[in-house]
Amino acid sequence: MGDRLRLAVGIMGNASSLLLYAAPILTFTRVIRKRSTEEFSCIPYIVALSNCLLYTWYGLPVVSYKWENFPVITINGLGIILELSFILIYLWFAPTRGKIKAGTITTMVMVIFTVTAIISAFVFHDHHHRKVFVGTIGLVASVAMYAAPLVVVKQVIMTKSVEFMPFYLSFFSFLASVLWLAYGLLSHDLLLASPNLVGLPLGILQLGLYCKYRKRGIIEEEPSKWDLAHNNIQEKPKHMQLSMNEDINGKI
């Protein structure tokens with residue numbers, strides 16, 4: 001029963017993570033259409049790539065015992081493909097300064113992952129120590145992935161606009177945190193559960209900010225019917241006064 005429940009939660013975690021990784025498709029459709037990255041930041045996607053790389057390696061039999069973490073491999077393997085696609089699109093349409101910044105950070109991520117994989121495979125000789133080593137670095141990457149949107153959160157607070165913080169990205173981040181936290185606890189694997197203790201409150205923060213500033217944006221952008229009616233009421237007395245003056249002048 002316990003294994004079935006863990007597998008079911010893992011499948012749901014896969015589904016929510018797939019939606020999380022695929023959510024930026026709407027953002028990058030806009031980037032391609034406008035041929036500009038505008039104010040979007042590439043950092044969340046680069047950090048997500050590092051997270052996917054490390055946890056794919058964590059789930060493989062080299063680190064984990066046989067295929068005990070197969071759900072972790074499948075979703076993070078797919079995440080690698082998606083995040084690399086987003087980063088390449090960003091590099092294509094970003095200004096020169098943005099390309100240099102994104103390219104430099106992506107290169108650093110690939111170097112860190114390569115070094116981690118080599119050390120775990122050749123320095124440590126048992127699954128336990130490999131899991132602890134890779135899981136600890138993966139924990140840092142996961143916390144960074146969940147914290148990366150804080151760059152956008154700062155922008156939302158300053159501009160009072162959620163234009164560059166997509167709702168689906170925030171929602172699926174929250175949902176994935178809940179499910180993977182449950183999966184980690186059911187697996188008695190703190191290295192899988194721990195990052196989501198950070199991701200969960202950050203997901204709640206993003207959703208709260210979205211609800212707050214989205215309503216404000218709608219109020220500011222669209223003139224209300226009350227304002228239009230109020231303006232009409234103010235204009236009517238002027239027309240009435242002009243008509244009365246014309247009548248009086250005509251009689252005189």
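Note that the numbers count up from 1, one per residue, in the order the chain is shown.
In case you wondered, yes, glycine gets a Cβ from its N, Cα and C as well.
Going by TrEMBL, these are the annotated features:
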TRANSMEM  6-28  transmembrane segment
TRANSMEM  40-58  transmembrane segment
TRANSMEM  70-93  transmembrane segment
TRANSMEM  105-125  transmembrane segment
TRANSMEM  131-153  transmembrane segment
TRANSMEM  165-186  transmembrane segment
TRANSMEM  192-211  transmembrane segment
Contact call for the transmembrane segment (70-93) against the transmembrane segment (131-153), three or more Cβ pairs under 8 Å: no
Counting CB pairs under 8 Å, which listed stretch among 131-153, 165-186, 192-211 touches the transmembrane segment (6-28) the most? 165-186
Sequence-distant residues near the transmembrane segment (40-58) by C-beta distance (under 8 Å, 6 or more away from its ends) are 21, 24, 27, 31, 64, 69, 72-73, 76-77, 79-80, 83-84, 86-87, 90, 94, 98, 101-102, 105-106, 109-110, 112-113, 116-117, 120, 131, 134-135, 137-138, 141-142, 144-145, 148-149, 151-152, 164, 169, 191
